[in-house]
Each structure stands twice: as structure tokens, then as C-alpha cells.
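S.K.: Structure below; questions to follow.
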């Protein structure tokens, strides 16, 4: 993943002082304040990072003798820098403009305070550069829990999502789920062209937002649980106690997975609601229902 400098300019309303190479891409989510570099120290310098000059760096340059400043700026901008942003609306020194034009480096300006600008850019890049993947399935928010419904085509994922929406829960995406990893969590969202849309066999595509209101759709949701649908098989030994701990790896993060056998007569929407509430209960409770039953059996045995 990469972010173009032009996109950064548009998203942060940056003023362009010097236009640089249009093919340059931002590929790391860190920034650098070049105080050490302007002092002549280049060990561990990362020119691929966005360079931000704030009041401290600007004042340091301002106090330099002109010839020294020219040499320092010339060396600094001789590196293959992605782009340079000057904060607080400060005026760049002439040496920066001259050397940036010579080396085809973007020089931008922001009115924001340096620390706030760094914080915003870091969070922005962490989001835009996060590892991504796309999975086939339906993502819904059930009782505040993000549940990814998977299974073969035609097994009833979208129909179940529709029933959940009717029961007051919310849709994030149907059919294609875009997933990105952010700080150890998985965030699911919808491709732009299918936001708020749900495909139901026999009816076609329905606009969930128009039929059920704006509150029935979410832009994104953290994925906490996977419900995998499969056709009921009589010879399968399905989990009946909730002790089978299955996980699915997505972008290196394990997500709890429950296999739900599907056959006529089973109310799958109600089962998913129960799974969501039970998942929340498991996070809050130190004892599982199986443990409670075992304790009761022990108590009965002791009484006998």
C-alpha cells in the first residue's frame, strides 16, 4: 500500500510551495523532524519518511550563518526525500526552495501546530497503509459485536443478514468484505460501490439504507467473531458444549470461529444473536456455562 503526495495534499489541505516528483509515493507511516540532520548528523536518517519542519527546526536554521545554512540544507535535500512539510505557516528559507527545485522534492506548508500535524499524519498513514485483504462473506454488527458470516454461495448469508437488520442490527457489507489490520485489530468495511446494498436471491439487490433507514448501515466495524455456515451433515460431530476453540487467521490475527450447521427450520438469525451476546458474556465472565454445569453436578454428587 502507498499514498501519493497529491492525495496527502488534498486530504490535509496543504499549500504547495515547490512541486516535486509526481510518481513519489509515501510507503511508511512514520514522520521525521530533521533537527539532527540539520546539525550534520545522518546516522539512522530515514529519508523515506515525511519530513516535518516546525518552529524549533526553523529557528535553528534562522540562527545559522548563511553559508553554513546553505551547506546544511544542500546536503539534507540531496537525499531522496519523499516530501517536506513546514508547519505553523512559517516561511521557508530561500535555500530550501532553491535546493528542493533542483532535486525535484515536494515542499508543502501547513497552518497546523507541529505536534498536532504529526499526530494527524501518523494516524492517517497508519490507516491508509494498513495491510489489507478482501474476503467473501457478510459483515454485520449484532449487539455491538462485529460478526463476519462466511460460507459457500447460496447457503443463506445475505438472507440471514436481512433478518438481522429487520431485528434492529446493522449491516456493514454484503458479499465482499474489505479487511485491514490496524494496531492488532481487524477492521471490516464495504467496497465503495456496494455500500448499503444487500443481494437477496429471488429479489435482487436492495438498498438497505433506503428501506430500513440510515441507522441500519455502518461504514466499518471491528471483526470480533466469525460464524461459518455449512450444510448440516448428520455424520458430523458438531460442538454442543461450546468447548471447541476454533480460530481463523486473517492478516496474521487469530479470530474466534464458530461453525453453524444450516438446515431448514433452524432460525439462524436468532442463533447469531445468541452467539453475539454469549461472546460478550465470555469477555466479562470468569466462568463458562460448562463450568457452571460441572459445579452443579459436583454439588449434587456431594449431597448424595
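Quick reminder: no glycine exception, Cβ is built from N, Cα and C everywhere.
Pasting the feature list from Swiss-Prot:
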- 136: active site (ACT_SITE)
- 157: active site (ACT_SITE)
- 175: active site, proton acceptor (ACT_SITE)
- 240: active site (ACT_SITE)
- 151, 152, 153, 154, 155, 156, 157, 158: ATP binding site (BINDING)
- 158, 199: Mg(2+) binding site (BINDING)
- 261-266: region 'Important for the catalytic mechanism of dephosphorylation' (REGION)
S.K.: Of 136, 175, 199, which recorded positions are close to residue 158 (ATP binding site), meaning a Cα within 10 Å of its Cα?
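M.R.: Matched recorded positions: 175, 199, sequence order.
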S.K.: How big is the Cα-to-Cα gap, in Å, between residue 157 (active site) and residue 151 (ATP binding site)?
M.R.: 7
S.K.: For the region 'Important for the catalytic mechanism of dephosphorylation' (261-266), give the DSSP counts of helix residues, strand residues and coil residues.
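M.R.: Going by DSSP assignments, the region 'Important for the catalytic mechanism of dephosphorylation' (261-266) contains 0 helix, 2 strand, 4 coil.
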S.K.: For the C-alpha pair, I'd like the distance in angstrom between the residue listed as 'active site, proton acceptor' and residue 156 (ATP binding site), rounded off.
M.R.: 11
S.K.: Counting Cβ neighbours within 10 Å across all chains shown, tell me which of the binding-site residues 151, 156 comes out on top.
M.R.: 151
S.K.: According to DSSP, does residue 158 (ATP binding site) fall in a helix, a strand, or coil?
M.R.: helix
S.K.: Nearest to residue 199 (Mg(2+) binding site) in three-dimensional space, by Cα, is which of the recorded positions 136, 151, 152, 156?
M.R.: 156
